[in-house]
Amino acid sequence: MDRAKVLIIVGFVVGGVLATLTSNRVGGNVAADDGVSGRAAAFPVVINTWSSNGFQSAGAKAWRVLQEEKGSALDAVEKGCTVCEKLQCDGTVGFGGSPDERGETTLDAMIMDGVTMNIGAVSDLRGIPDAISVARKVLDYTAHTMLAGNQATKFAVKMGFKEQSLSTNKSLAIWQEWEKNKCQPNFWRNVSPDPTKHCGPYKAMDNINKEDALRSSNEIDSQNHDTIGMIAIDSKGLIAAGTSTNGARHKIPGRVGDSPIPGAGAYADQDVGGAAATGDGDVMMRFLPSFLAVEEMRNGRTPKEAGEIAIRRITAKYPSFQGAMVVLRKDGQYAAVCHGLPGGKFPYTLANSSTKHATVKYVNCL
């Protein structure tokens, strides 16, 4: 066979392969049907942490924004997380949950645009229940990334939000019971009197136990897992991520966890994908796991591999770490990863063109 005929045959074969690959694309985008198979499933996609007591409803709302309303990924994240705030998901999101040492509920939230890398965040927000929406205002109407504390409250009022108490009879009862239980558990260490047996006021001790510094925080479970983290890709293939939380129960006043910290609680990059974390925020924010997972995907890792690398980076230093992540690649392939959670499993919520509604899935912990 002469060289010309060989080139013609090769051309037909390559052309056929390219045609087959093109026919499997929907709007130029390929998304995974599940976290492993990689079968084609068109956008949009939304994934969020946890499932029960409102978390699935949050995913369902975000899915409706994307699928029925043809809204943006930013809108889906904001409105989805808002549902959790209003439903007080497991008492860990929104008003009336996780009272601090003074009995006050404060809120943290962030939202990130993966296209512009713009971020809006609020931390230690007081008196305003709509944390994720205030964060959206920071994103849309300021050149800042984060506003904090009472000044964040004043900003929210300027933006039209109404100030109100975030405490409820339930949250105050939780706080009162905690005080009766000699303020156990708490987040103090290297102080006297012994914080494992007594309430404060505390005095700093000269001798610092460095081994104790590697201890993870209070146990994470269905009532103390800090946050909803959500990632969405809209019908245009644009990506956004966000979080909302009322923080750790019985935290020292002023504490801010990982949720509003870019790269810790959540992160999104249009060129790669996004990630969102949940669990022991005091530990996670030291490692920026959401940023790391996105960077690992940038380097060619699958979402599952990227999430595992991010979690293992933490557990190498904190073996007792409790937490989880959801990871979403820009083509729609996803994964969830967890470590140390009670029961050894992590439930999360997914909606895409294959599930057709917000569906609860589970992953075994590392």
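Going from the start of the chain as shown, residues are counted 1 onward.
Every residue, even glycine, has its Cβ placed from backbone N, Cα and C.
Quick look at what TrEMBL lists:
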type	residues	note
ACT_SITE	Thr227	active site, nucleophile
BINDING	Arg255, Val256, Gly257, Asp258, Thr278, Gly279, Asp280, Gly281	substrate binding site
SIGNAL	1-19	signal peptide
(request) Please report how many Å separate the Cα atom of Thr278 (substrate binding site) from that of Thr227 (active site, nucleophile), as a whole number. (result) 6
(request) State which of the following binding-site residues has the fewest other Cβ atoms within 10 Å around its Cβ: Asp258, Asp280. (result) Asp280
(request) Would you mind sorting out which of Arg255, Val256, Gly279 (the binding-site residues) have a C-alpha within 10 A of the one on the residue listed as 'active site, nucleophile'? (result) Gly279
(request) Around the Cβ of Arg255 (substrate binding site), how many other Cβ atoms lie within 10 Å? Please give the count over every shown protein chain. (result) 18
(message) I'd like to know which of the binding-site residues Gly257, Gly281 has the most other Cβ atoms within 10 Å of its Cβ.
(response) Gly281
(message) Around the C-beta of Thr278 (substrate binding site), how many further C-beta atoms are within 10 angstroms, looking at every protein chain?
(response) 31
(request) Count the Cβ atoms, other than its own, that fall within 10 Å of the Cβ of Thr227 (active site, nucleophile), considering every protein chain shown. (result) 32
(request) Check the binding-site residues Val256, Gly279 for other C-beta atoms within 10 angstroms of each C-beta and report the one with the most. (result) Gly279
(request) For the substrate site as recorded (Arg255, Val256, Gly257, Asp258, Thr278, Gly279, Asp280, Gly281), determine the largest distance between any two Cα atoms, in Å, rounded to the nearest integer. (result) 16
